[in-house]
Amino acid sequence: MAKAPSPLVFPIIFLIIFALVEPNMGCIQIIGRCIKIPDCSASCRKFLGPHASGYCDNDGAGGTCICTYPCQTKEIHM
């Protein structure tokens, strides 16, 4: 019969996986009100590059145009 693994095996594996993976959630920038910017996504790509995307957060008072884009980092990833 096989022996059950120690209760610490899975938490240790979990911690090792998260230590080796560097999370990159991206960056955000607010570029103005949605009533003044007709297409948030196109405006974000114009200002922040082709990998940017945008959406209108309807938080009241005309909404806010929010851009998400990859963060620029000085670190070299291997």
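Note: Cβ is positioned from N, Cα and C throughout, glycine not excepted.
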Cross-link partner of Cys40 (disulfide, per Swiss-Prot) out of Cys65, Cys67, Cys71: Cys65
Residue among Cys56, Cys67, Cys71 that, according to Swiss-Prot, closes a disulfide with Cys34: Cys56
As recorded in Swiss-Prot, which of Cys27, Cys44 forms the disulphide with Cys67: Cys44
Cα proximity to Cys27 (disulfide bond), best match among disulfide-bonded residues Cys40, Cys44, Cys56: Cys44
Lowest local Cβ density (other Cβ within 10 Å) among disulfide-bonded residues: Cys27, Cys34, Cys40, Cys44, Cys56: Cys27
Per-residue Cβ crowding (10 Å cut-off), top of disulfide-bonded residues Cys65, Cys67, Cys71: Cys65
